[in-house]
Amino acid sequence: MTDLNQLTQELGALGIHDVQEVVYNPSYELLFAEETKPGLEGYEKGTVTNQGAVAVNTGIFTGRSPKDKYIVLDDKTKDTVWWTSEKVKNDNKPMSQDTWNSLKGLVADQLSGKRLFVVDAFCGANKDTRLAVRVVTEVAWQAHFVTNMFIRPSAEELKGFKPDFVVMNGAKCTNPNWKEQGLNSENFVAFNITEGVQLIGGTWYGGEMKKGMFSMMNYFLPLRGIASMHCSANVGKDGDTAIFFGLSGTGKTTLSTDPKRQLIGDDEHGWDDEGVFNFEGGCYAKTINLSAENEPDIYGAIKRDALLENVVVLDNGDVDYADGSKTENTRVSYPIYHIQNIVKPVSKAGPATKVIFLSADAFGVLPPVSKLTPEQTKYYFLSGFTAKLAGTERGITEPTPTFSACFGAAFLSLHPTQYAEVLVKRMQESGAEAYLVNTGWNGTGKRISIKDTRGIIDAILDGSIDKAEMGSLPIFDFSIPKALPGVNPAILDPRDTYADKAQWEEKAQDLAGRFVKNFEKYTGTAEGQALVAAGPKA
């Protein structure tokens, strides 16, 4: 839709008036010129780096702001959304229609009378279920970010484009009435599912737009029987699809970027009758400690049209990827075609036959790989476990566990069991097997090597794990292989990595207790009760 008169009317219907000029679906050339032009100040200013990519700063918010996330409570959402509660806290806090109206007025006022960038794009590679998304912003690099991250429409698709969801990004405005309205702060990321609008105020972080639309796909798709997943995905030469679930830092992007297989996508996917499809048209990779040696694909993708966030740019234009002084969450967004080995022309493939859950276990308890039963698949999917090592004041490094339902609780709009049901149903239809892979630590105190982890992934994907002789691990009742090609056999049973097996037993009992306690939130239903048997025995 390039009729600017009609577009101006549609902006008017959102309360955005007296627009000076609309820059509609700008080209990469124009975006580059706009975000680096002389006279830009503060967080609007982009800096050109020696790799050709533009670097920007997002201010005090260098990550999402989950405490400021709200969804309007109305007839449509009251019985569908997984609302936060005293018993089980989550990020889906209810907002009244009155408060919403006030915030929408604030953002509309901020965007009125300005020169605006409007980007029309798609979220979802399948025509039947994709969301047509319109992003309205006054900031050039935010238009660049969504051009990278969403699916870029053809000229034909832009004719008669009607948005299903509008993102009104008012990063420069804050809410003075937040206290009286009972909100968390002057900043806000709010959704009105009935109106099909997302409002952003006070935060410049690009990921709010990406993950905002992910949360909306997570609302609409499962209600239609389609799995909506926080995972990466790739496909082999024989058309065999694999999906990798995991929280941040567990290896989703690294392990799915594999020279032997084509990348479907690195973060958000759906699974319908036809198969697995990407929601996005780009990647959003972490860049802390990035090197050309360790991650050549991602490093090579950082060139003209890529957009770096919160990195340190030296005076000579080089980027110091080891410098996390602004944030450890330094990022780059780039169009997916910056990666060589991708599925073309549309990021989708057949139904998955291998489902891999990645956990980085800092407790040193979980085996490097276990094959899961259907009940265990549901249990460990709902648990969504990983653990980080955090230094304490006395220099002792203690593991801190994270349980995030479906490996992405922050983005779930419906109750976690709805995602588990749809995933298991899809797996049953395709005959998919599930595996739990620990990319974390063992009894040696060292992290399992990337070489061994890649060997394990290869064994899962080429089917050799299914031919391996299996043993059993007590407490968790995991089925574990005794040997795999190219993998150090001494690590496959975690008990063998301890000088004293009783030490593993003690740690395993502790971790099992944490799993059991976390799973109590699901035991309110008969199905949840039944799944307890698939979990560890503390």
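Even glycines carry a Cβ here, placed using N, Cα and C.
Secondary structure at Arg64 (substrate binding site), as computed by DSSP, is coil. The substrate binding site annotation in Swiss-Prot covers Arg64, Tyr205, Lys211, Arg331.
According to DSSP, Asp267 (Mn(2+) binding site) is assigned to coil rather than to any helix or strand. Over all protein chains present, the Cβ of Asp267 (Mn(2+) binding site) has 24 other Cβ atoms lying within 10 Å. What Swiss-Prot records for Lys211, His230, Asp267 is Mn(2+) binding site.
Positions annotated as ATP binding site by Swiss-Prot: Lys211, His230, 246-254, Glu295, Arg331, 447-448, Thr453. Taking a C-beta cut-off of under 8 angstroms and a sequence separation of 6 or more, Gly246 (ATP binding site) has the following same-chain neighbours: Cys231, Lys252, Phe357, Leu358, Ser359, Thr386, Phe407, Thr439.
Taking Cα separation as the measure, Ile448 (ATP binding site) is nearest to Asp267 of the binding-site residues Tyr205, Asp267, Arg331. In sequence order, Gly206, Gly207, Tyr284, Ala285, Lys286, Thr287, Leu308, Glu309, Asn310 are the residues of the chain that are 6 or more apart from Arg331 (substrate binding site) and have a CB within less than 8 Å of its CB. In this structure, Arg64 is the one among the binding-site residues Arg64, Lys211, His230, Lys252 with the smallest number of other Cβ atoms inside 10 Å of its Cβ. The Cβ of Tyr205 (substrate binding site) lies under 8 Å from the Cβ of Thr58, Phe61, Thr62, Gly63, Arg64, Ser65, Glu309, each on the same chain and at least six residues away in sequence. Least crowded of the binding-site residues (Ser248, Thr250, Thr254), judged by neighbouring Cβ atoms within 10 Å of its own Cβ: Ser248.
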